[in-house]
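Q: Before anything else, here's the structure in question.
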Amino acid sequence: MDGIMTQNSQKEKLSGKDLINIGIYAAIYLVIMTAVSMLGFIPIMMPMLAVLCPLVGGITMMLFFTKVKKFGMITIITVIIGAFLWVTGMGYWPFIFGIICGVLADLVARSGNYTSKKKAVLSHGIMSITIFGCFLPLYLDINGYFATRTSFGSEYIEALTKIFQPWTAPVIFGCSFVFGILGALLGQHFLKKHFEKAGIV
Amino acid sequence: MKLDRGILMDPRTKLLILITVTTFALGGAGGEATAKMVPVLCMVPFVLLLTAKRFKTALIGIILFAGSSLLLSSANAHNMGGFLYYMILGCCGLLGRFLPCIMMGRYLMESTTVSEFTAAMKKIHVSDNIIIPLSVMFRFFPTVMDEADSIGSAMKMRGISFGGKHSSKMIEYRLVPLMTCCVNIGEELSAAALTRGLGGKVKRTNICKVGFHFQDYIAIAICIVPWILLIMDVVK
């Protein structure tokens, strides 16, 4: 296997092993994320996901970042995470966010040559903004949406608009970024404490 | 396990339904022009789950959906007020909005095999860079969940669980072993996949027959209606 690796690492193109690695880490990340989402299954708790998912997901991602050597890997994994959120019913915004944040995160990581730890932390922060896409449909055109539900009475519309006030949007946005960075720091702590010792990195 | 899968559909049709449901039922696109279509679209995932013989999932979904809408309308009818009312509104409003999409996602994931999915993706010319990670991911999900389950029960014995003695250590004591063993399994998996020619330069073949049938055309027809309404609304 080492022979294949050295053979391919000279080229910029992603090898089969890189793509399989992306799949494996995406699977681990998404299982953990789904488990965390189950904790916040009470819909009122949903905004908390912007805090918990980046925080816990940081551990997996930091391990993944040690395997990243070429441009494109971070982009693809973020797009896949976004697509998964779309497919599991969070709307198409996470997918669009996934593409944008993925490319940005990849560029940041590349500027650190995929070895800089600080750039990796920042890159994970940008990646985590993808989560914000899940909440965007709640803010976009909220009146237009509830206009179609007049059968529930005007009080209902009023109350729901009150819960999703526009000012909470930037808060969730900021949370996903800040906790993405904190999660990455936590991940690097674990990396040093456990995975380097176990010889995985 | 998947011998009797009920009525089969092309994965591309399923994707189209999913996109339509998320756009109109969750995103609320089109406003009043498409409002009449929304209840129909919300019902589509449940009908599909029934045709795929996923009775349990469909039943849970229908009960949740009907329950949340009933609770909402009764809360409105009684002119409730105060904190409880807001809680009901928040919970049911969100549930009713997200549930059809989540159910559609469940249907897509449960009724499609990896090979079918790969074949359909190839037909719409998605790059290998996306298809390979996706197929590995779908293959790897059950493994990760299995491992997480075993680690969970092992840690429960040591009191590292919800309500246990050391519940604060949950993140570290569950995630680190999970990731360690998943990475090791992943190494083996990638070695196995490489020996079978994944990531090689030759074109891979697929024996799955993917194509549109009668049921696909019906589903596509239902999906096109709200899009036409949306376009007409914009043009007007």
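One-based numbering along the chain as shown.
The backbone N, Cα and C atoms fix where each Cβ goes, glycine too.
Just so you know, TrEMBL annotations never went through curation; they're auto-generated.
Keep in mind that this is a model prediction, so the values were computed, not measured.
Below, the features straight out of TrEMBL:
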- A:20-38: transmembrane segment (TRANSMEM)
- A:44-64: transmembrane segment (TRANSMEM)
- A:71-87: transmembrane segment (TRANSMEM)
- A:93-109: transmembrane segment (TRANSMEM)
- A:121-140: transmembrane segment (TRANSMEM)
- A:167-187: transmembrane segment (TRANSMEM)
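Tell me what's around each of these sites.
A: Remote same-chain residues near the transmembrane segment (A:44-64) are listed as 21, 25, 28-29, 32-33, 36-37, 77, 120, 124-125, 127-128, 131-132, 134-135, 168, 172, 175-176, 179-180, 182-188, 190-191, 195, 200-201 (criterion: CB distance under 8 Å, separation of at least six residues from the stretch ends).
For the transmembrane segment (A:71-87), same-chain residues at least 6 beyond its ends with a Cβ under 8 Å from one of its own Cβ atoms are 12, 14, 18-19, 21-22, 25-26, 29-30, 33, 64-65, 94-99, 101-103, 105-106, 109-110, 123, 127, 130, 133-134.
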Q: Most CB pairs under 8 Å with the transmembrane segment (A:167-187): which of A:20-38, A:93-109, A:121-140?
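A: Between the candidates A:20-38, A:93-109, A:121-140, the best contact partner of the transmembrane segment (A:167-187) is A:121-140.
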Q: Looking only at residues six or more beyond either end of the transmembrane segment (A:20-38), which have a C-beta under 8 A from one in the stretch?
A: 49, 52-53, 56-57, 60-61, 63-64, 67, 73, 76-77, 80-81, 84, 88
